[in-house]
């Protein structure tokens, strides 16, 4: 924890030192650090700061996270502009001023907000750094408009950051050299107590949302400065700010899914699309002099999606819902103005977005970091819905529980469906072959339908949704390729055959997905089937045989189906019950998807889940659990009925007997006299590990309370026993007592290496599954024959994860002892 804090703060100090040297040498004929070199160094430091802030974030360091990420974005955009200047893309002082001032002005306010909250929360070092960088940015804005002001003031402010960083470094060095006896004020990071946090009702805190809101200020500042006359024009020099904000906001979107915040993650995905579109419009002026026009239907649909998202966000926080309405007005203003970002109407709304984002950033940062809370209306709408019998909000500890017990991400399907809506309505515009870039379609199709859909597919895959992720990724690739080919000037008559062959290949993949969705649900079947219609329109257009109106009809149908999926995903994740159901599978097959609904699935990372599994076992149930190797089926050995059930449920073969697991040799301590000293020492040296020891059956079995269960365990002459090297499993055994174990698969089938396989193979025959995702190993334990160990010989029934040589080495060490 202290390492990442040190890296972050010293990284800010290092960047400030570079900038201080740069501004002290501005008056020289030859700069001390060339612009291109300085830009590259700032890009390297920005990536380092982003890493340090994200890695430090889980330990309630919201202010540190915000400072690192905002400074990272600042230096990322700044560095790219310096590189553009060094390479001659920006010509003259006017271009530099127009490129730098929007970002400098925005980050002056952003870092001032961080500094104010830092001082209020007594984070003095962070507040001093933020305030110094904020003043440096403000002074640099003054220098751009009045060279007489002098750049030494900018350098002095950056020097303050260096001094604070030096003080921090000295404090950390003394802290370690004196072995924690001396700690300078503000540098004792490891001992710092976090502020008491006010948790929002029914959910976890999304500490990344503040940075996402501040990034909205950056994009709004670029266009707002043009309206207010601060900059002379909009041009390619401002693209780094917009695309840096968009890129980081995609990262914030993913991190918000990690924070189990679906609504804010979707919102940041939407705003990232707008930032990339704005940068694209400024970049287009390189290839065509006229300003591009905007498709009205797309922006109207985008505003509707913002309205729906605002309504659902209002249920959690009315202030956040009202904030989203500003973006509804922004999309409406873009739809009403043919030239979009270049007209005064949208730029006026950009000023409103800037002010609203600054206010929301201050409120969110203070609420997350401080011990008090600025009211945002949380719980007001929830209190009204509590009186409703029709709609009931999802609540409780399991609301943000990891999916199937192991995924660290919330569901990204809401964003995936929304992007399908956006992409489908964007391609309703017919591109002009003579001027393919004249209409802004590429960012809507490529960013929304492509990049964000790839993101949604990746998150779905991380959640174990293989089919959904495959569909999202396939459709994303299709949107990217077709969007660039049709609206980027890459498509022509000579490429028709090649394009047709590629589209047919995509259609074959999609036919397979349509077939698979027959076993998923009705809505997904319609979703994949209607995309097949779009693929057909792409194919017909490639071979110049597209009937008039077919492509618009196909995209509208797909867009409406996607919009229903979007609403259904939002409703079902927010309210109890199926307000907008996805439908049942069209084809029901025995064993397909049945296990997930016929037994409990509990996350292995929760102690409460392990306790619940223990209660089930004590009451005579059988469960599938993870281990240090593969998944196994277990029953309490003092419950003969459960052991018999486990024996029958997997059709246990007589030549593959069930084994016995304990959590510690202390459970065998009362029967220690019944084991030879060599065997006891060998067990002590070999466990805990994935080594099962087959020992002679004897009176020691009775000490474990097996009763009538003994006939199902081992053979009449021997029993396999093991202490697993898995904390979850041993904790469960501590709660239940010794357990009887067998592999979680019918006899003769492959080992089970994922809890989904437990569902598929034994889902209707077990009472619960403790879920931990993929098993750590794909190979079972090594089974050693110790019945003749006193004669110095051991055998091997099965060589598994532990090789034979390692087992023999353990035995040799015990014999020498």
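Keep in mind that glycine also has a Cβ here, set from the backbone N, Cα and C atoms.
Residues or ranges marked as domain 'YrdC-like' by TrEMBL: 607-802. Per-residue confidence over the domain 'YrdC-like' (607-802) averages out at a pLDDT of 85.
Note on the transmembrane segment (32-51): residues 7-8, 11-12, 14-15, 18-19, 21-22, 24-25, 68-69, 71-76, 78-83, 85-87, 248, 251 of its chain, located 6 or more positions outside it, place their CB under 8 angstroms from a CB of the stretch. Here TrEMBL flags 32-51 (among others) as transmembrane segment.
Annotation source TrEMBL lists transmembrane segment at 96-117 (among others). Counting only same-chain residues 6+ beyond the ends of the transmembrane segment (96-117), those with a CB under 8 A from a CB of the stretch are 63, 66-67, 70-71, 74, 77-78, 81, 84-85, 90, 126-128, 130-131, 133-135, 137-138, 140-141, 144-145, 214, 217-218, 221-222, 224-225, 230-233, 235, 237-238, 240-241, 354, 358, 361-362, 365-366, 369-370.
The feature transmembrane segment is assigned by TrEMBL to 148-170 (among others). Sequence-distant contacts of the transmembrane segment (148-170), counting only residues of its own chain at least 6 positions beyond either end whose CB sits under 8 Å from a CB of the stretch, comprise 6, 9-10, 12-14, 16-17, 19-24, 26-27, 125, 128-129, 132-133, 135-136, 139-140, 142, 184, 186-187.
Taken from TrEMBL, the feature transmembrane segment applies to 208-229 (among others).
The transmembrane segment annotation in TrEMBL covers 267-288 (among others). Under 8 Å from some Cβ of the transmembrane segment (267-288) lie the Cβ atoms of residues 212, 215-216, 219, 222-223, 234-236, 238-239, 242-243, 245-247, 249-250, 252-253, 256, 302, 305-306, 309, 313, 324, 327, 330, 340-342, 415, 418-419, 422, 435, 437-438, 440, 442-444, 447-448, 452, 455, all in the same chain and six or more residues away from its ends.
Positions annotated as transmembrane segment by TrEMBL: 294-315 (among others).
The transmembrane segment annotation in TrEMBL covers 322-342 (among others). Within its own chain, the transmembrane segment (322-342) has Cβ neighbours under 8 Å at 223, 234, 267, 270-271, 274, 277-278, 281-282, 291-294, 296, 299-300, 302-303, 306-307, 309-310, 313-314, 348-350, 352-353, 356-357, 360, 440, counting only residues six or more beyond its boundaries.
What TrEMBL records for 414-431 (among others) is transmembrane segment.
A Cβ distance under 8 Å defines the sequence-distant neighbours of the transmembrane segment (437-455), meaning residues of its chain 6+ beyond its ends; these are 246, 250, 253-254, 269, 272-273, 276-277, 280-281, 284, 287-288, 290, 292-295, 298, 340, 412, 415-416, 419-420, 422-424, 426-427, 429, 431, 472-473, 475-477, 479-480, 482-484, 487-489. What TrEMBL lists as transmembrane segment is 437-455 (among others).
Marked as transmembrane segment by TrEMBL: 467-485 (among others).
Taken from TrEMBL, the feature transmembrane segment covers 525-546 (among others).
The annotation transmembrane segment is assigned in TrEMBL to 552-575 (among others).
Beyond the ends of the transmembrane segment (294-315), by six or more residues, the same chain brings 263-264, 266-267, 270, 321-322, 324-325, 327-328, 331-332, 334-335, 337-340, 381-382, 385, 393, 418, 421-422, 425-426, 428-429, 439-441, 444, 559, 566-567, 570, 574 to within a C-beta distance below 8 angstroms of the stretch.
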